[in-house]
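Taken from TrEMBL, the feature domain 'Acyl-coenzyme A oxidase N-terminal' covers 22-145. Among the features that TrEMBL reports, FAD binding site is placed at Thr151, Gly190. Residues annotated as domain 'Acyl-CoA oxidase C-alpha1' in TrEMBL: 287-448. TrEMBL lists Glu433 with the feature active site, proton acceptor. Residues annotated as domain 'Acyl-CoA oxidase C-terminal' in TrEMBL: 477-662.
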Amino acid sequence: MSQKETYENPDLKKERQNCPFNKEEITNLLDGGKEKTAERKQLENYILSDEQLKDAVPMEYLSHADKYAEELRKACLLMHKLENSPAGQVPTLRALMGAGLGSAVLKEGNPLALHYVMFIPALMGQGTIDQQAKWLAKAYNLNIIGTYAQTELGHGTFLRGLETTATYDPNTQEFVLESPSLTAYKWWPGSLGKTANYAVVMAQLYTKGKCEGTHPFMVQLRDEETHEPLPGIVIGEIGPKLGMNTNDNGYLGFEKFRIPRDQLLMKHSQVLEDGTYVKPTNSKLSYATMVFVRVVVCQDVTTNLRKAVTIATRYSCVRRQSELKPGDREPQVMDYQAQQNKLLPPLAATFAFQLASDHLWNLYNTANNNIEQGDLELLPDLHGLSCALKALCSSEGANFVEVCRQSCGGHGYMACSNFPRIYGQVTAAETYEGENTVLWLQVARYLVKTRKEQTGGLSVKYLIGEEKGPKTVDTTLEGIVHLYRRTAVGLVDVAIAELEKSGRKGEAPHDAWNHAAVYLIKAAQAHARLFVVESFVNSLKVGNLSAPVRTVLSQLCELFIIYWLLERSGELFFVRQFIKKRLVTVEFQVRTLLYVKLLAAIRPQAVNLVDSFDLRDEILASPLGCWDGNVYQRLFDEAAKSPLNQSSVHESFHKYLKPLLKSNL
């Protein structure tokens with residue numbers, strides 16, 4: 001029986017009546033076309049109808065080890081299902097690795113995720129044709145399971161600080177891998193703890209007495225038959241985390257572990273038999289794997305945010321609370337403007353982040369194809385944008401998910417609401433694949449270089465030459481976008497001014513950079529927001545959208561970019577051309593004339609908009625966000641699953657509480 005044939009909460013039913021736009025049109029837009037929607041639905045039916053992939057008991061009630069074993073069982077079953085998938089292996093695999101369908105089955109994390117998301121891409125991006133021929137088929141066929149080991153206990157984003165060494169021995173034509181200290185142990189790689197038997201390991205390459213920097217090495221970790229660690233390999237799992245606890249993140253140490261010379265991945269750089277080092281044509285070529293993962297992170301954060309917004313929006317229309325007018329029936333929580341102010345901006349953000357992520361994904365594919373042809377022109381822009389969007393989506397996404405949780409009151413604090421799990425996944429993205437503050441500073445370096453040298457990629461063209469546009473700030477879309485652009489330019493100029501001021505004081509460049517960090521980060525964040533805003537606005541100018549859909553998307557676009565503007569209006573003070581009077585005028589005009597009106601205009605379509613995400617109940621995994629709105633019965637049913645409710649009196653009463661009650665303290 002489909003969701004729409006079951007009970008439907010009267011309030012939700014009323015919300016869904018007389019929808020002015022075609023929800024399926026928005027669904028198709030988000031999926032990438034009508035055919036993609038059909039493919040997704042077919043795949044969801046194929047995967048979610050399998051009884052073997054369903055949990056016998058909620059994961060929260062299992063031990064750490066049992067959670068891992070159960071998720072590994074389902075992950076392996078999913079891989080077998082790939083062979084007969086109606087959508088084909090590649091689309092199915094992509095869906096299972098993401099935060100949508102994959103997380104509906106593997107709720108606590110996928111032990112095989114890093115194999116597909118980083119290990120295989122690293123082999124493809126860093127291995128020679130011969131190396132790919134040797135390992136890729138085995139990886140695709142799951143004859144070997146791999147991970148990507150870069151971060152160490154003492155170093156993460158700062159690659160030059162990694163301590164693991166790979167020293168070339170020309171006598172045996174081998175590299176000797178060593179962990180010279182405890183802080184040199186690899187720490188965090190997913191799948192490393194118990195699942196993987198191979199890894200692409202980043203280590204400092206030493207040859208002929210010289211360190212040539214970090215390079216990727218293909219390393220076998222465990223025996224392919226027994227799965228026991230090989231001699232010289234120290235390996236284990238790091239323990240429970242805030243979330244994603246069945247990704248079996250691990251640690252890895254090397255004790256003079258030898259590998260053949262040809263296990264240095266040599267697509268871009270080489271070590272010859274005599275130890276001669278051959279440099280890469282461009283040092284940034286090794287960034288390809290990280291760029292790919294950051295694009296995927298943006299997509300997954302957006303999917304998770306979409307789930308959080310759907311749960312909170314539906315619940316806010318089912319839940320009735322307090323009295324808006326004395327004596328009247330309790331209103332839907334969504335009718336309070338304060339609740340609209342909480343939920344409608346993240347609702348709009350799901351569209352903004354998706355469109356920006358799509359833009360970045362297209363750029364990645366174009367740049368990757370060009371790199372294969374030897375054209376590296378797009379690489380700096382791709383690297384800068386991937387850093388910026390990953391940092392922005394993850395930080396804003398984590399904040400928005402927490403706002404959605406709070407908007408559901410106490411019920412949002414329950415594990416079964418799915419908010420703890422969603423938050424654990426999204427906030428993790430703030431630190432993995434590049435800690436966000438470090439990424440912001442990398443973006444800032446690109447912006448400063450562009451502004452000073454007057455040359456750069458498409459995303460930074462606004463920094464080259466004088467900014468053109470309207471001389472006054474108004475409340476139209478174009479006027480507000482221009483305000484974003486002027487702010488971004490102004491913040492880069494402020495950061496450069498700070499750097500130059502430090503230089504005039506005689507400070508070393510690295511000290512000047514550190515002392516200007518606040519300005520540099522603000523400039524990078526303004527650049528990222530400008531990219532998202534322009535992606536959203538430009539998407540409304542193209543495509544075959546019906547008038548009703550274009551109208552509601554335009555309202556969401558305006559709401560979102562005004563929300564960001566108001567939330568960060570203080571940044572305008574950093575830009576000297578915005579005097580206090582003008583700032584107050586902008587604040588008054590935007591808030592009173594447009595923002596509040598947009599909240600009221602979008603409010604009636606909130607449920608219809610989240611319905612257009614077409615997220616099945618199994619994917620939402622929350623009694624608060626179920627399609628039928630039968631929230632309270634579902635919450636009660638979830639409570640009944642608690643092991644503490646399997647008997648009327650728990651054994652601990654007789655062991656501990658009863659003696660206390662009988663004592664005379």
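Cβ atoms here come from the backbone N, Cα and C positions, even for glycine.
Residues belonging to the domain 'Acyl-CoA oxidase C-alpha1' (287-448) score a mean pLDDT of 93 in the model. Applying an 8 A CB threshold to same-chain residues 6+ apart, the list for Thr151 (FAD binding site) reads Lys186, Trp187, Trp188, Pro189. Separation of the C-alpha atoms of Glu433 (active site, proton acceptor) and Gly190 (FAD binding site): 12 Å, rounded to the nearest whole number. Each residue of the domain 'Acyl-coenzyme A oxidase N-terminal' (22-145) gets a DSSP state, and the totals for helix, strand and coil are 91 helix, 0 strand, 33 coil.
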